[in-house]
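As annotated by TrEMBL, transmembrane segment applies to A:22-43, A:74-93, A:105-126, A:167-186, A:211-231, A:243-266, A:286-308, A:328-346, A:355-375, A:387-407.
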Amino acid sequence: MAHVSNYNLDQKFDFTASTKKALFIGLGIGAVLLILGILMAIFGGGDHGHAEEAGGHAFHWYQRLYANLWINNVYFTGIAVIGVFFFAIQYAAQAGWSAGILRVMLSLGNWLPIAAVLMIVTFFIANHDLFHWTHSYLFDKDDLEHYDKIIDGKGSFFYWPMEKGTFPIFYIVRMFAFFGIWIFFFNKLKNLSFAEDDLTGSHNWSVIRKWSAIFLILFGITSSISAWDWVMSIDTHWFSTMFGWYVFASWFVAGLSVITLITVFLKEKGYLEMVNENHIHDLGKFVFAFSIFWTYIWFSQFLLIYYANIPEESVYFVERLSSDVYSPFIFVNLALNFVLPFLVLMTRDAKRHAIFLKVVCSLIILGHWFDFFLMVQPGTLGHNGGFGLMEVGMLLVFASAFGFVALKSLAKNKLVAKNHPMLEESYHHHI
Amino acid sequence: MERDKNFVLGVFEDEDVLLEAVAKVRGSGVKIHEVYSPFPVHGLDEELGYKRSKLPIAAFLFGMLGTCLALTMQFYMMKIDWPMIIGGKDHAGLPNFIPVTFELTVLLAAFGMVGVFMITSNLKPWAQPRIFDLRITDDKHVMAIDLATNAAVGEAQIGDILKSCGASEVNKKSFE
(Lines of atoms letter the chains of each structure in order from A and count residues from 1; the text may use other names and numbers.)
(Lines give C-alpha, C1' and ligand atoms only; values in the text may rest on other atoms or scores of the structure.)
Protein backbone atom coordinates (compact mmCIF):
# COMPACT_ATOMS: atom_id res chain seq x y z
CA MET A 1 0.00 0.00 0.00
CA ALA A 2 1.20 3.49 -0.83
CA HIS A 3 2.41 5.66 2.01
CA VAL A 4 2.94 9.37 2.25
CA SER A 5 6.57 8.75 3.27
CA ASN A 6 7.25 7.55 -0.30
CA TYR A 7 7.09 11.17 -1.40
CA ASN A 8 9.71 13.84 -0.97
CA LEU A 9 8.37 15.65 2.10
CA ASP A 10 11.32 18.03 2.30
CA GLN A 11 10.50 19.77 -0.97
CA LYS A 12 10.49 23.53 -1.11
CA PHE A 13 8.72 25.71 -3.61
CA ASP A 14 11.15 27.03 -6.21
CA PHE A 15 10.10 30.63 -6.83
CA THR A 16 11.41 30.65 -10.39
CA ALA A 17 12.38 33.73 -12.35
CA SER A 18 9.52 33.17 -14.79
CA THR A 19 6.91 33.14 -12.01
CA LYS A 20 8.46 36.29 -10.54
CA LYS A 21 8.45 37.88 -13.98
CA ALA A 22 4.75 37.11 -14.45
CA LEU A 23 3.96 38.75 -11.11
CA PHE A 24 6.11 41.79 -11.91
CA ILE A 25 4.37 42.16 -15.27
CA GLY A 26 1.03 42.13 -13.40
CA LEU A 27 2.40 44.71 -10.98
CA GLY A 28 3.77 46.85 -13.84
CA ILE A 29 0.54 46.80 -15.83
CA GLY A 30 -1.33 47.67 -12.63
CA ALA A 31 1.02 50.55 -11.86
CA VAL A 32 0.74 51.94 -15.42
CA LEU A 33 -3.07 51.73 -15.33
CA LEU A 34 -3.09 53.32 -11.89
CA ILE A 35 -0.95 56.24 -13.03
CA LEU A 36 -3.05 56.66 -16.20
CA GLY A 37 -6.16 56.65 -14.04
CA ILE A 38 -4.69 59.26 -11.70
CA LEU A 39 -3.66 61.48 -14.64
CA MET A 40 -7.10 61.18 -16.15
CA ALA A 41 -8.66 62.10 -12.83
CA ILE A 42 -6.38 65.15 -12.44
CA PHE A 43 -6.77 66.54 -15.96
CA GLY A 44 -10.16 65.23 -16.93
CA GLY A 45 -11.98 66.26 -13.75
CA GLY A 46 -15.10 67.61 -15.40
CA ASP A 47 -17.07 66.88 -12.26
CA HIS A 48 -15.49 69.60 -10.12
CA GLY A 49 -17.94 72.42 -10.66
CA HIS A 50 -20.87 70.06 -10.46
CA ALA A 51 -19.72 68.64 -7.13
CA GLU A 52 -19.23 72.06 -5.63
CA GLU A 53 -22.76 73.05 -6.56
CA ALA A 54 -24.32 69.87 -5.28
CA GLY A 55 -22.50 68.97 -2.10
CA GLY A 56 -20.66 72.07 -1.01
CA HIS A 57 -17.44 70.00 -0.93
CA ALA A 58 -15.05 70.18 -3.84
CA PHE A 59 -14.11 66.77 -5.12
CA HIS A 60 -10.42 66.04 -5.53
CA TRP A 61 -8.82 63.31 -7.57
CA TYR A 62 -6.85 61.99 -4.60
CA GLN A 63 -10.06 61.11 -2.76
CA ARG A 64 -10.66 58.40 -5.33
CA LEU A 65 -7.07 57.19 -4.87
CA TYR A 66 -7.57 56.99 -1.09
CA ALA A 67 -10.88 55.15 -1.49
CA ASN A 68 -9.16 52.63 -3.74
CA LEU A 69 -6.33 52.19 -1.28
CA TRP A 70 -8.88 51.58 1.46
CA ILE A 71 -10.90 49.03 -0.55
CA ASN A 72 -7.80 46.97 -1.31
CA ASN A 73 -6.33 47.39 2.18
CA VAL A 74 -9.45 46.02 3.81
CA TYR A 75 -9.93 43.31 1.20
CA PHE A 76 -6.39 41.91 1.23
CA THR A 77 -6.06 42.24 5.01
CA GLY A 78 -9.12 40.02 5.19
CA ILE A 79 -7.72 37.44 2.78
CA ALA A 80 -4.47 37.36 4.79
CA VAL A 81 -6.14 36.88 8.15
CA ILE A 82 -8.48 34.24 6.67
CA GLY A 83 -5.38 32.18 5.86
CA VAL A 84 -4.50 32.14 9.57
CA PHE A 85 -8.16 31.63 10.54
CA PHE A 86 -8.62 28.63 8.24
CA PHE A 87 -5.34 27.15 9.52
CA ALA A 88 -6.58 27.52 13.11
CA ILE A 89 -9.92 25.94 12.17
CA GLN A 90 -8.13 22.82 10.91
CA TYR A 91 -6.48 22.34 14.29
CA ALA A 92 -9.48 23.23 16.43
CA ALA A 93 -11.60 20.77 14.45
CA GLN A 94 -8.82 18.14 14.53
CA ALA A 95 -9.13 17.97 10.76
CA GLY A 96 -6.99 15.35 9.04
CA TRP A 97 -7.82 15.90 5.37
CA SER A 98 -6.04 19.25 5.15
CA ALA A 99 -2.65 18.28 6.64
CA GLY A 100 -0.95 18.47 3.22
CA ILE A 101 -2.02 22.05 2.45
CA LEU A 102 -1.62 23.70 5.88
CA ARG A 103 1.45 25.66 4.75
CA VAL A 104 -0.51 27.15 1.85
CA MET A 105 -3.06 28.59 4.29
CA LEU A 106 -0.29 29.88 6.51
CA SER A 107 1.48 31.63 3.63
CA LEU A 108 -1.37 34.15 3.24
CA GLY A 109 -0.68 35.52 6.73
CA ASN A 110 2.66 36.96 5.60
CA TRP A 111 0.76 39.87 4.09
CA LEU A 112 -0.48 40.96 7.55
CA PRO A 113 2.51 43.13 8.62
CA ILE A 114 2.48 44.95 5.26
CA ALA A 115 -1.29 45.35 5.50
CA ALA A 116 -0.94 46.82 9.00
CA VAL A 117 1.51 49.50 7.82
CA LEU A 118 -0.59 50.34 4.75
CA MET A 119 -3.82 50.53 6.72
CA ILE A 120 -2.45 52.73 9.49
CA VAL A 121 -0.61 55.07 7.11
CA THR A 122 -3.66 55.36 4.85
CA PHE A 123 -5.84 56.18 7.82
CA PHE A 124 -3.55 58.95 9.03
CA ILE A 125 -3.27 60.50 5.56
CA ALA A 126 -6.81 60.07 4.35
CA ASN A 127 -9.05 60.06 7.42
CA HIS A 128 -10.99 63.22 6.49
CA ASP A 129 -11.51 62.03 2.92
CA LEU A 130 -12.72 58.55 3.89
CA PHE A 131 -14.52 58.95 7.20
CA HIS A 132 -17.15 61.62 7.68
CA TRP A 133 -17.00 61.18 11.46
CA THR A 134 -13.41 62.50 11.64
CA HIS A 135 -14.61 66.10 11.12
CA SER A 136 -14.56 67.93 14.44
CA TYR A 137 -17.35 70.37 13.52
CA LEU A 138 -19.88 67.51 13.67
CA PHE A 139 -19.47 67.46 17.45
CA ASP A 140 -19.58 71.20 18.04
CA LYS A 141 -22.96 72.00 19.56
CA ASP A 142 -22.51 75.74 18.86
CA ASP A 143 -22.04 75.13 15.16
CA LEU A 144 -25.74 74.90 14.33
CA GLU A 145 -25.14 74.31 10.63
CA HIS A 146 -22.85 71.31 11.03
CA TYR A 147 -23.65 69.80 14.42
CA ASP A 148 -24.85 66.20 13.97
CA LYS A 149 -26.76 64.74 16.90
CA ILE A 150 -26.62 61.15 15.65
CA ILE A 151 -22.88 61.15 15.02
CA ASP A 152 -22.36 62.95 18.35
CA GLY A 153 -24.19 60.03 19.97
CA LYS A 154 -21.83 57.56 18.35
CA GLY A 155 -18.75 59.71 18.97
CA SER A 156 -17.45 57.85 22.01
CA PHE A 157 -16.99 54.74 19.90
CA PHE A 158 -14.20 56.57 18.07
CA TYR A 159 -12.90 59.18 20.52
CA TRP A 160 -13.19 57.73 24.03
CA PRO A 161 -11.56 58.69 26.43
CA MET A 162 -10.61 61.92 24.61
CA GLU A 163 -13.02 64.70 23.81
CA LYS A 164 -15.19 64.00 20.74
CA GLY A 165 -13.87 65.52 17.54
CA THR A 166 -10.23 65.63 18.64
CA PHE A 167 -8.06 62.55 18.15
CA PRO A 168 -9.82 59.19 17.58
CA ILE A 169 -7.71 57.38 20.15
CA PHE A 170 -10.12 54.50 20.79
CA TYR A 171 -10.38 53.81 17.06
CA ILE A 172 -6.61 53.90 16.56
CA VAL A 173 -5.98 51.68 19.59
CA ARG A 174 -8.43 49.16 18.19
CA MET A 175 -6.74 49.22 14.80
CA PHE A 176 -3.36 48.54 16.43
CA ALA A 177 -4.90 45.87 18.64
CA PHE A 178 -6.48 43.97 15.73
CA PHE A 179 -3.26 43.86 13.76
CA GLY A 180 -1.26 43.17 16.92
CA ILE A 181 -3.42 40.18 17.84
CA TRP A 182 -3.53 38.78 14.32
CA ILE A 183 0.21 39.15 13.69
CA PHE A 184 1.08 37.74 17.12
CA PHE A 185 -1.04 34.62 16.57
CA PHE A 186 0.17 34.25 12.99
CA ASN A 187 3.79 34.25 14.15
CA LYS A 188 3.02 31.93 17.05
CA LEU A 189 1.24 29.38 14.86
CA LYS A 190 3.83 29.68 12.09
CA ASN A 191 6.78 29.14 14.45
CA LEU A 192 5.11 26.18 16.14
CA SER A 193 4.26 24.62 12.79
CA PHE A 194 7.79 25.02 11.43
CA ALA A 195 9.34 23.81 14.69
CA GLU A 196 7.32 20.61 14.25
CA ASP A 197 9.41 19.73 11.19
CA ASP A 198 12.30 18.81 13.52
CA LEU A 199 10.16 16.95 16.05
CA THR A 200 8.19 13.76 16.13
CA GLY A 201 5.08 12.85 18.07
CA SER A 202 2.03 14.98 18.54
CA HIS A 203 3.26 17.46 21.17
CA ASN A 204 3.40 20.50 18.86
CA TRP A 205 0.10 19.55 17.32
CA SER A 206 -1.56 19.80 20.76
CA VAL A 207 0.14 23.11 21.47
CA ILE A 208 -0.94 24.54 18.10
CA ARG A 209 -4.46 23.32 18.82
CA LYS A 210 -4.54 25.24 22.09
CA TRP A 211 -3.29 28.47 20.47
CA SER A 212 -5.69 27.98 17.57
CA ALA A 213 -8.67 27.77 19.90
CA ILE A 214 -7.66 31.02 21.64
CA PHE A 215 -7.12 32.71 18.28
CA LEU A 216 -10.54 31.65 17.01
CA ILE A 217 -12.30 33.24 19.97
CA LEU A 218 -10.36 36.48 19.51
CA PHE A 219 -10.88 36.41 15.75
CA GLY A 220 -14.64 36.13 16.25
CA ILE A 221 -14.59 39.41 18.15
CA THR A 222 -11.92 41.26 16.17
CA SER A 223 -13.24 40.38 12.70
CA SER A 224 -16.66 41.73 13.59
CA ILE A 225 -15.44 44.95 15.22
CA SER A 226 -12.88 45.61 12.48
CA ALA A 227 -15.73 45.39 9.97
CA TRP A 228 -17.65 48.08 11.87
CA ASP A 229 -14.56 50.24 12.24
CA TRP A 230 -13.10 50.02 8.78
CA VAL A 231 -16.17 49.63 6.62
CA MET A 232 -19.45 50.35 8.38
CA SER A 233 -18.25 53.63 9.95
CA ILE A 234 -17.87 55.09 6.43
CA ASP A 235 -21.68 55.40 6.33
CA THR A 236 -21.68 56.82 9.83
CA HIS A 237 -25.42 57.33 10.24
CA TRP A 238 -26.27 53.90 8.96
CA PHE A 239 -25.95 50.63 10.87
CA SER A 240 -26.58 46.95 10.34
CA THR A 241 -26.31 44.31 13.03
CA MET A 242 -25.32 41.77 10.36
CA PHE A 243 -22.39 43.76 9.06
CA GLY A 244 -19.64 41.88 10.88
CA TRP A 245 -20.90 38.58 9.48
CA TYR A 246 -21.30 40.08 6.05
CA VAL A 247 -17.70 41.30 5.85
CA PHE A 248 -16.41 38.05 7.36
CA ALA A 249 -18.35 35.98 4.80
CA SER A 250 -16.90 38.04 1.97
CA TRP A 251 -13.37 37.70 3.34
CA PHE A 252 -13.80 33.97 3.92
CA VAL A 253 -14.93 33.11 0.38
CA ALA A 254 -12.17 35.25 -1.11
CA GLY A 255 -9.58 33.67 1.22
CA LEU A 256 -10.74 30.14 0.37
CA SER A 257 -10.53 30.99 -3.33
CA VAL A 258 -6.95 32.21 -2.92
CA ILE A 259 -5.99 29.05 -0.97
CA THR A 260 -7.56 26.90 -3.71
CA LEU A 261 -5.82 28.83 -6.49
CA ILE A 262 -2.39 28.57 -4.84
CA THR A 263 -2.88 24.84 -4.17
CA VAL A 264 -3.89 24.20 -7.79
CA PHE A 265 -0.98 26.34 -8.99
CA LEU A 266 1.52 24.39 -6.84
CA LYS A 267 0.12 21.08 -8.04
CA GLU A 268 0.46 22.14 -11.66
CA LYS A 269 4.11 23.02 -11.02
CA GLY A 270 4.60 19.47 -9.72
CA TYR A 271 4.61 20.16 -5.97
CA LEU A 272 2.33 18.68 -3.29
CA GLU A 273 2.18 15.24 -4.92
CA MET A 274 0.37 13.81 -1.89
CA VAL A 275 -2.47 16.26 -2.45
CA ASN A 276 -4.88 14.70 -4.93
CA GLU A 277 -8.27 15.45 -6.44
CA ASN A 278 -10.00 14.48 -3.18
CA HIS A 279 -8.40 17.42 -1.38
CA ILE A 280 -9.09 19.73 -4.32
CA HIS A 281 -12.69 18.50 -4.19
CA ASP A 282 -12.96 19.48 -0.53
CA LEU A 283 -11.56 22.94 -1.22
CA GLY A 284 -14.07 23.28 -4.05
CA LYS A 285 -16.85 22.30 -1.67
CA PHE A 286 -15.72 24.98 0.77
CA VAL A 287 -15.75 27.64 -1.96
CA PHE A 288 -19.19 26.45 -3.14
CA ALA A 289 -20.71 26.25 0.35
CA PHE A 290 -19.38 29.58 1.57
CA SER A 291 -20.43 31.35 -1.63
CA ILE A 292 -23.94 30.31 -0.71
CA PHE A 293 -23.29 31.36 2.91
CA TRP A 294 -22.25 34.82 1.69
CA THR A 295 -25.40 35.04 -0.44
CA TYR A 296 -27.50 34.05 2.54
CA ILE A 297 -25.95 36.79 4.68
CA TRP A 298 -26.14 39.38 1.88
CA PHE A 299 -29.77 38.59 1.18
CA SER A 300 -30.76 38.45 4.85
CA GLN A 301 -29.38 41.95 5.33
CA PHE A 302 -31.06 43.19 2.17
CA LEU A 303 -34.44 41.55 2.77
CA LEU A 304 -34.84 42.85 6.32
CA ILE A 305 -33.94 46.40 5.31
CA TYR A 306 -36.13 46.25 2.18
CA TYR A 307 -39.10 44.79 4.03
CA ALA A 308 -39.05 47.01 7.10
CA ASN A 309 -38.31 50.06 4.93
CA ILE A 310 -37.11 52.27 7.79
CA PRO A 311 -35.58 55.36 6.15
CA GLU A 312 -32.35 55.42 8.15
CA GLU A 313 -31.72 51.79 7.21
CA SER A 314 -32.93 51.69 3.61
CA VAL A 315 -30.82 54.73 2.65
CA TYR A 316 -27.87 52.35 2.29
CA PHE A 317 -29.51 50.44 -0.56
CA VAL A 318 -31.25 53.51 -2.01
CA GLU A 319 -27.81 55.12 -2.35
CA ARG A 320 -26.55 52.10 -4.28
CA LEU A 321 -29.57 50.87 -6.25
CA SER A 322 -30.77 54.29 -7.45
CA SER A 323 -27.28 55.38 -8.49
CA ASP A 324 -26.24 55.29 -12.15
CA VAL A 325 -22.69 54.60 -11.03
CA TYR A 326 -23.23 51.74 -8.61
CA SER A 327 -26.52 49.98 -9.44
CA PRO A 328 -25.08 47.79 -12.24
CA PHE A 329 -22.40 46.51 -9.85
CA ILE A 330 -24.99 45.19 -7.38
CA PHE A 331 -25.99 42.71 -10.07
CA VAL A 332 -22.39 42.05 -11.10
CA ASN A 333 -21.74 41.29 -7.43
CA LEU A 334 -24.61 38.79 -7.17
CA ALA A 335 -23.81 37.20 -10.55
CA LEU A 336 -20.12 36.64 -9.79
CA ASN A 337 -20.49 35.65 -6.15
CA PHE A 338 -23.67 33.60 -6.19
CA VAL A 339 -24.96 32.57 -9.63
CA LEU A 340 -21.56 31.64 -11.06
CA PRO A 341 -20.20 29.44 -8.22
CA PHE A 342 -23.66 27.98 -7.56
CA LEU A 343 -24.19 26.77 -11.10
CA VAL A 344 -20.62 25.96 -12.11
CA LEU A 345 -19.41 24.26 -8.92
CA MET A 346 -22.61 22.27 -8.34
CA THR A 347 -21.39 19.05 -9.94
CA ARG A 348 -18.76 16.77 -8.49
CA ASP A 349 -16.64 16.85 -11.64
CA ALA A 350 -16.35 20.64 -11.60
CA LYS A 351 -14.97 20.57 -8.06
CA ARG A 352 -12.40 17.88 -8.92
CA HIS A 353 -10.94 19.50 -12.03
CA ALA A 354 -8.46 22.33 -11.81
CA ILE A 355 -9.69 24.20 -14.87
CA PHE A 356 -13.17 24.88 -13.43
CA LEU A 357 -11.75 25.88 -10.06
CA LYS A 358 -9.19 28.20 -11.62
CA VAL A 359 -11.85 30.08 -13.59
CA VAL A 360 -14.43 30.21 -10.79
CA CYS A 361 -11.97 31.12 -7.99
CA SER A 362 -10.41 33.93 -10.07
CA LEU A 363 -13.84 35.36 -10.82
CA ILE A 364 -14.88 35.03 -7.15
CA ILE A 365 -11.79 36.98 -6.08
CA LEU A 366 -12.81 39.72 -8.53
CA GLY A 367 -16.44 39.44 -7.41
CA HIS A 368 -15.69 39.97 -3.74
CA TRP A 369 -13.48 42.90 -4.65
CA PHE A 370 -16.66 44.36 -6.18
CA ASP A 371 -18.42 43.62 -2.91
CA PHE A 372 -15.93 45.81 -1.01
CA PHE A 373 -16.04 48.38 -3.82
CA LEU A 374 -19.79 48.66 -3.20
CA MET A 375 -19.27 48.95 0.55
CA VAL A 376 -16.64 51.71 0.39
CA GLN A 377 -17.10 53.91 -2.68
CA PRO A 378 -20.72 55.12 -2.41
CA GLY A 379 -20.12 56.44 1.12
CA THR A 380 -16.78 58.10 0.34
CA LEU A 381 -17.04 59.30 -3.27
CA GLY A 382 -20.76 59.34 -4.04
CA HIS A 383 -21.43 59.98 -7.72
CA ASN A 384 -17.75 60.83 -8.30
CA GLY A 385 -16.77 57.19 -7.91
CA GLY A 386 -16.88 54.40 -10.44
CA PHE A 387 -15.01 51.48 -11.89
CA GLY A 388 -12.21 52.78 -14.08
CA LEU A 389 -8.50 52.51 -14.76
CA MET A 390 -7.58 53.53 -11.23
CA GLU A 391 -9.65 50.68 -9.76
CA VAL A 392 -8.29 48.03 -12.13
CA GLY A 393 -4.72 49.28 -11.65
CA MET A 394 -4.86 49.36 -7.86
CA LEU A 395 -6.41 45.87 -7.70
CA LEU A 396 -3.67 44.49 -9.99
CA VAL A 397 -0.93 46.14 -7.91
CA PHE A 398 -2.30 44.72 -4.65
CA ALA A 399 -3.03 41.26 -6.07
CA SER A 400 0.45 40.93 -7.61
CA ALA A 401 2.16 42.14 -4.45
CA PHE A 402 0.05 39.79 -2.31
CA GLY A 403 0.87 36.86 -4.60
CA PHE A 404 4.55 37.72 -4.47
CA VAL A 405 4.61 37.82 -0.65
CA ALA A 406 2.68 34.55 -0.31
CA LEU A 407 4.79 32.64 -2.85
CA LYS A 408 8.04 34.03 -1.46
CA SER A 409 7.16 32.70 1.99
CA LEU A 410 6.34 29.28 0.47
CA ALA A 411 9.81 29.19 -1.09
CA LYS A 412 11.47 29.84 2.27
CA ASN A 413 10.33 26.77 4.20
CA LYS A 414 9.22 23.21 3.60
CA LEU A 415 5.97 23.02 1.63
CA VAL A 416 4.52 20.17 3.68
CA ALA A 417 4.16 19.89 7.45
CA LYS A 418 6.06 16.61 7.26
CA ASN A 419 5.72 15.60 10.90
CA HIS A 420 2.05 16.47 11.20
CA PRO A 421 0.49 13.48 12.97
CA MET A 422 -2.35 13.27 10.45
CA LEU A 423 -0.37 13.58 7.23
CA GLU A 424 -0.79 9.86 6.47
CA GLU A 425 -4.54 10.15 7.12
CA SER A 426 -4.68 13.15 4.81
CA TYR A 427 -2.93 11.17 2.07
CA HIS A 428 -5.57 8.43 2.24
CA HIS A 429 -8.44 10.93 2.27
CA HIS A 430 -11.09 9.57 -0.05
CA ILE A 431 -14.45 11.07 -0.95
CA MET B 1 -30.93 -21.86 -15.27
CA GLU B 2 -33.06 -18.88 -14.29
CA ARG B 3 -31.40 -15.59 -13.42
CA ASP B 4 -31.62 -13.94 -10.02
CA LYS B 5 -32.61 -17.16 -8.21
CA ASN B 6 -29.57 -19.19 -7.22
CA PHE B 7 -26.53 -17.61 -5.62
CA VAL B 8 -23.14 -18.59 -4.24
CA LEU B 9 -22.26 -16.49 -1.20
CA GLY B 10 -18.72 -15.73 -0.06
CA VAL B 11 -18.59 -14.66 3.59
CA PHE B 12 -15.72 -12.32 4.55
CA GLU B 13 -14.55 -11.25 7.98
CA ASP B 14 -12.39 -8.26 7.10
CA GLU B 15 -13.02 -5.35 4.74
CA ASP B 16 -9.43 -5.16 3.48
CA VAL B 17 -9.57 -8.86 2.53
CA LEU B 18 -12.96 -8.18 0.94
CA LEU B 19 -11.64 -5.31 -1.18
CA GLU B 20 -8.79 -7.40 -2.53
CA ALA B 21 -11.15 -10.35 -3.06
CA VAL B 22 -13.52 -8.21 -5.14
CA ALA B 23 -10.69 -7.24 -7.47
CA LYS B 24 -9.46 -10.86 -7.75
CA VAL B 25 -12.93 -12.33 -8.33
CA ARG B 26 -13.72 -9.78 -11.02
CA GLY B 27 -10.28 -10.33 -12.51
CA SER B 28 -10.96 -14.06 -12.86
CA GLY B 29 -13.97 -13.31 -15.04
CA VAL B 30 -16.71 -13.95 -12.46
CA LYS B 31 -19.51 -11.37 -12.39
CA ILE B 32 -20.48 -10.26 -8.89
CA HIS B 33 -24.19 -9.74 -8.25
CA GLU B 34 -23.77 -7.53 -5.15
CA VAL B 35 -21.69 -7.15 -1.99
CA TYR B 36 -23.42 -6.62 1.36
CA SER B 37 -21.63 -5.11 4.35
CA PRO B 38 -22.69 -3.90 7.79
CA PHE B 39 -20.97 -0.54 7.32
CA PRO B 40 -19.79 1.58 4.35
CA VAL B 41 -16.50 0.26 2.96
CA HIS B 42 -14.45 3.00 1.31
CA GLY B 43 -13.43 2.19 -2.23
CA LEU B 44 -15.86 -0.71 -2.64
CA ASP B 45 -17.88 1.10 -5.33
CA GLU B 46 -14.75 1.63 -7.43
CA GLU B 47 -13.63 -1.99 -7.00
CA LEU B 48 -17.06 -3.23 -8.08
CA GLY B 49 -16.92 -0.91 -11.08
CA TYR B 50 -20.12 0.91 -10.18
CA LYS B 51 -20.92 4.10 -12.04
CA ARG B 52 -21.69 7.27 -10.09
CA SER B 53 -25.27 7.52 -8.88
CA LYS B 54 -27.60 9.68 -10.97
CA LEU B 55 -29.48 10.73 -7.82
CA PRO B 56 -28.08 14.32 -7.87
CA ILE B 57 -29.74 14.88 -11.26
CA ALA B 58 -33.08 13.87 -9.76
CA ALA B 59 -32.44 16.21 -6.82
CA PHE B 60 -31.64 19.10 -9.19
CA LEU B 61 -34.78 18.53 -11.26
CA PHE B 62 -37.03 18.27 -8.22
CA GLY B 63 -35.37 21.41 -6.81
CA MET B 64 -36.10 23.29 -10.04
CA LEU B 65 -39.68 22.06 -9.88
CA GLY B 66 -39.91 23.42 -6.32
CA THR B 67 -38.54 26.82 -7.42
CA CYS B 68 -41.01 27.09 -10.28
CA LEU B 69 -43.92 25.88 -8.16
CA ALA B 70 -43.17 28.33 -5.33
CA LEU B 71 -42.81 31.34 -7.62
CA THR B 72 -45.95 30.47 -9.62
CA MET B 73 -47.95 29.93 -6.43
CA GLN B 74 -46.88 33.22 -4.88
CA PHE B 75 -47.33 35.27 -8.04
CA TYR B 76 -50.79 33.80 -8.53
CA MET B 77 -51.85 34.38 -4.92
CA MET B 78 -50.31 37.80 -4.41
CA LYS B 79 -50.74 39.37 -7.83
CA ILE B 80 -53.73 37.72 -9.52
CA ASP B 81 -56.04 36.01 -7.08
CA TRP B 82 -56.05 38.35 -4.08
CA PRO B 83 -53.72 41.36 -4.44
CA MET B 84 -52.87 42.87 -1.08
CA ILE B 85 -50.72 45.84 -0.21
CA ILE B 86 -48.30 44.83 2.54
CA GLY B 87 -45.89 47.43 3.85
CA GLY B 88 -46.40 49.56 0.75
CA LYS B 89 -44.61 47.02 -1.41
CA ASP B 90 -45.39 45.97 -4.95
CA HIS B 91 -47.84 43.05 -5.10
CA ALA B 92 -45.28 40.95 -6.91
CA GLY B 93 -42.07 42.07 -5.19
CA LEU B 94 -39.54 39.37 -5.94
CA PRO B 95 -37.45 39.74 -2.73
CA ASN B 96 -40.56 38.93 -0.64
CA PHE B 97 -40.90 35.62 -2.45
CA ILE B 98 -37.35 34.39 -2.02
CA PRO B 99 -37.65 32.80 1.47
CA VAL B 100 -40.67 30.67 0.50
CA THR B 101 -39.06 29.83 -2.84
CA PHE B 102 -35.90 28.71 -1.07
CA GLU B 103 -37.84 26.54 1.39
CA LEU B 104 -39.95 24.85 -1.31
CA THR B 105 -36.85 24.25 -3.44
CA VAL B 106 -35.13 22.48 -0.55
CA LEU B 107 -38.28 20.58 0.43
CA LEU B 108 -39.02 19.23 -3.04
CA ALA B 109 -35.37 18.44 -3.75
CA ALA B 110 -35.13 16.48 -0.48
CA PHE B 111 -38.45 14.65 -0.80
CA GLY B 112 -37.94 13.98 -4.50
CA MET B 113 -34.48 12.59 -3.87
CA VAL B 114 -35.68 10.31 -1.06
CA GLY B 115 -38.60 9.11 -3.19
CA VAL B 116 -36.43 8.37 -6.23
CA PHE B 117 -33.87 6.63 -4.02
CA MET B 118 -36.53 4.40 -2.44
CA ILE B 119 -38.03 3.43 -5.77
CA THR B 120 -34.72 2.75 -7.53
CA SER B 121 -33.30 0.83 -4.52
CA ASN B 122 -36.41 -1.33 -4.20
CA LEU B 123 -37.25 0.12 -0.78
CA LYS B 124 -40.95 0.45 -1.50
CA PRO B 125 -43.02 -0.23 1.63
CA TRP B 126 -44.59 -3.27 -0.02
CA ALA B 127 -41.30 -4.64 -1.35
CA GLN B 128 -40.27 -8.08 -0.10
CA PRO B 129 -36.66 -7.83 1.02
CA ARG B 130 -34.34 -10.65 0.11
CA ILE B 131 -32.01 -11.50 2.97
CA PHE B 132 -28.88 -13.25 1.71
CA ASP B 133 -27.41 -13.75 5.15
CA LEU B 134 -28.66 -12.30 8.43
CA ARG B 135 -25.10 -11.66 9.63
CA ILE B 136 -24.63 -8.80 7.10
CA THR B 137 -26.38 -6.61 9.65
CA ASP B 138 -23.87 -7.63 12.30
CA ASP B 139 -20.23 -8.46 11.55
CA LYS B 140 -19.91 -10.21 8.18
CA HIS B 141 -19.42 -9.03 4.60
CA VAL B 142 -21.16 -11.17 2.00
CA MET B 143 -20.36 -11.32 -1.70
CA ALA B 144 -23.29 -12.69 -3.74
CA ILE B 145 -22.58 -14.30 -7.11
CA ASP B 146 -25.44 -15.23 -9.43
CA LEU B 147 -25.00 -18.77 -10.71
CA ALA B 148 -27.04 -18.17 -13.89
CA THR B 149 -24.87 -15.31 -15.15
CA ASN B 150 -21.71 -17.27 -14.34
CA ALA B 151 -22.84 -20.62 -15.75
CA ALA B 152 -19.67 -20.84 -17.84
CA VAL B 153 -17.47 -20.85 -14.72
CA GLY B 154 -19.49 -23.30 -12.67
CA GLU B 155 -20.45 -23.50 -9.04
CA ALA B 156 -17.51 -25.56 -7.82
CA GLN B 157 -14.91 -23.31 -9.39
CA ILE B 158 -16.58 -20.13 -8.02
CA GLY B 159 -16.38 -21.68 -4.55
CA ASP B 160 -12.67 -22.40 -5.06
CA ILE B 161 -11.99 -18.83 -6.22
CA LEU B 162 -13.81 -17.41 -3.18
CA LYS B 163 -11.90 -19.67 -0.81
CA SER B 164 -8.57 -18.74 -2.37
CA CYS B 165 -9.44 -15.04 -1.97
CA GLY B 166 -9.89 -15.40 1.78
CA ALA B 167 -13.61 -16.12 2.23
CA SER B 168 -14.22 -17.71 5.63
CA GLU B 169 -17.29 -19.60 4.37
CA VAL B 170 -18.86 -20.36 0.99
CA ASN B 171 -22.61 -20.94 1.10
CA LYS B 172 -25.40 -21.44 -1.35
CA LYS B 173 -28.67 -19.52 -1.30
CA SER B 174 -31.76 -19.94 -3.46
CA PHE B 175 -34.85 -17.74 -3.67
CA GLU B 176 -38.28 -18.79 -4.90
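Every residue gets a Cβ built from N, Cα and C, even glycine.
Unlike curated records, TrEMBL annotations are generated automatically.
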Ask   = Considering pairs 6 or more residues apart, do the transmembrane segment (A:167-186) and the transmembrane segment (A:74-93) have at least three CB pairs under 8 Å?
value = yes
Inquiry  = Let me check one thing: do the transmembrane segment (A:105-126) and the transmembrane segment (A:243-266) come into contact, meaning three or more Cβ pairs under 8 Å with sequence separation of at least 6?
reply    = yes
When counting C-beta pairs under 8 angstroms to the transmembrane segment (A:243-266), the leading stretch of A:22-43, A:74-93, A:286-308, A:355-375, A:387-407 is A:355-375
Sequence-distant contacts of the transmembrane segment (A:74-93), meaning Cβ under 8 Å and at least 6 residues beyond its ends, amount to 99, 102, 105-112, 115-116, 119, 182, 185-186, 189, 205, 208-209, 211-213, 215-216, 219, 223, 230-231, 247, 250-252, 254-256, 258-259, 368-369, 372, 376, 398-399, 402
